[in-house]
Amino acid sequence: MEIILTVFSGIIIIGFLLGFSILMKPSFKSNTNKYLGFTVLTICMLLVKLILPELDYFHTHQKLNIICNIEWILLAPVFLFLFSIKSIDNKLSSYKELKLLYLPFIFSLLLNTIDCLERDFRLFTFKSAAILRLRHNLFMFESKLIYIYIAFLMLWLFFILKNSPSKQANKAIRNLHLVLSLIIIFWIMVDFIRGIFPHEINKYYGLVLLIAGSFSLFWISYTIIYKHKMLHQASEINKILRNQEASVANTEPSVSTQTIFEKFEALFKEEHIYRNPNITRESVAQQLDISAGYLSQVITTNSDDNFSSIINQYRITEVKKMLCDATFDKYSIEAIGLEAGYSSKTTFYKAFKNSTNMTPKTYKEKYG
């Protein structure tokens with residue numbers, strides 16, 4: 001058991017380092033990411049709250065009970081909510097009223113601080129029956145508030161993400177929301193079972209929640225830090241490409257009349273629709289105001305390639321250009337593939353190798 005607790009202690013320390021890195025490291029530091037950093041630090045405080053009783057720490061340091069009494073669980077969902085809506089540029093992110101989301105935590109903090117000052121620090125004593133009854137009722141209210149408030153925030157965030165038009169940009173956020181929601185549901189279930197079978201569950205309660213909390217830290221590390229940075233790079237690449245295309249558009253005359261196939265090609269050459277990872281034959285046919293079946297006939301008549309091959313050719317061509325352009329050297333190869341329209345690293349690397357017989361990295365080293 002001591003080895004397990006030592007491992008979790010190490011995970012918590014790594015979590016704190018991760019949180020402070022997000023807050024202070026230039027590559028992650030931003031007004032949006034600070035809420036992610038606060039989310040990580042708050043999860044770490046939740047883990048500290050779980051591990052200190054397992055280490056029997058409060059028998060010798062009773063006054064530090066206040067750390068356990070603070071309901072950090074009321075704060076973590078707030079930071080996650082703020083990080084999520086700012087990441088997807090939801091209009092709510094500019095509302096000053098969002099500060100009201102901190103009120104449940106402030107209420108809990110004041111209630112538990114007063115309780116600790118009386119019980120552990122013995123600065124004063126409540127003797128009035130009315131005050132003691134009020135305190136009991138407030139703690140009962142707090143215990144119910146925790147479940148209701150967390151459920152409210154996570155459901156609210158679910159509908160915001162569901163209705164967000166930026167599906168590609170918030171995919172990582174939605175995955176994080178799903179994982180943390182499942183962990184919270186699991187925690188509520190364990191808490192409920194603990195109330196029915198206290199003696200059987202108490203022995204493993206802290207350990208089970210430590211595992212769940214540690215998993216959430218690693219998920220944030222991979223899903224958000226890596227993918228969010230890659231999406232940010234893809235956004236910067238998109239701006240560079242748009243500027244380059246704007247300068248070309250100013251020098252090239254527009255075509256007044258085109259055949260359907262020429263219009264089809266124009267969508268790729270001028271509007272770069274292949275950059276959309278969700279592009280389909282139906283969506284392109286709709287843009288051309290024809291049926292998907294007729295589009296297939298047009299492609300077959302005018303080209304030796306099918307719809308998927310044409311999309312892949314344009315994506316590979318654009319990736320090659322970016323890999324050979326020094327402007328994009330500071331961006332990761334995965335971000336370049338993402339901007340070209342590939343939805344995953346695996347799909348990108350497989351398509352590139354099938355087309356060039358080499359990996360993107362090898363191609364860059366050879367021709368870049």
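Residue positions begin at 1 at the first shown residue.
Glycine is no exception: its Cβ is also placed from the backbone N, Cα and C atoms.
Under the heading domain 'HTH araC/xylS-type', TrEMBL lists 270-366. DSSP assignment over the domain 'HTH araC/xylS-type' (270-366) gives 70 helix, 0 strand, 27 coil.
Positions annotated as transmembrane segment by TrEMBL: 6-23 (among others).
Below 8 angstroms of C-beta separation, residues 5, 8-9, 11-12, 15-16, 18-23, 28, 58, 64, 67-68, 70, 72-73, 75-76, 79-80, 82-83, 86, 206, 209-210, 213-214, 216-217, 220, 224, 228 of the same chain, each at least six residues beyond the ends of the transmembrane segment (35-52), sit close to that stretch. The transmembrane segment annotation in TrEMBL covers 35-52 (among others).
Tertiary neighbourhood of the transmembrane segment (64-85): same-chain residues 32-33, 35-36, 38-39, 42-43, 45-46, 48-49, 52-53, 57-58, 92-93, 98, 101-102, 104-105, 108-109, 112-113, 115-116, 119-120, 142, 145-146, 149-150, 153-154, 156-157, 160-161, 170, 173, 176-177, 180, 184, selected by CB-CB distance under 8 Å and a gap of 6+ residues from either end. According to TrEMBL, the transmembrane segment annotation covers 64-85 (among others).
Taken from TrEMBL, the feature transmembrane segment covers 97-114 (among others).
Counting same-chain residues at least six beyond the ends of the transmembrane segment (146-164), those with a Cβ under 8 angstroms from any Cβ of the stretch are 71, 73-74, 77-78, 80-81, 84-85, 88, 90, 92, 101, 104, 170, 173-174, 177, 180-181, 184, 188. Annotation comment: TrEMBL describes 146-164 (among others) as transmembrane segment.
The transmembrane segment feature in TrEMBL is assigned to 176-197 (among others).
The transmembrane segment annotation in TrEMBL covers 203-225 (among others).
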Chain residues outside the transmembrane segment (97-114) and at least six past its termini with a C-beta under 8 angstroms from it: 66, 69-71, 74-75, 78, 81-82, 135, 138-139, 142, 145, 149, 153
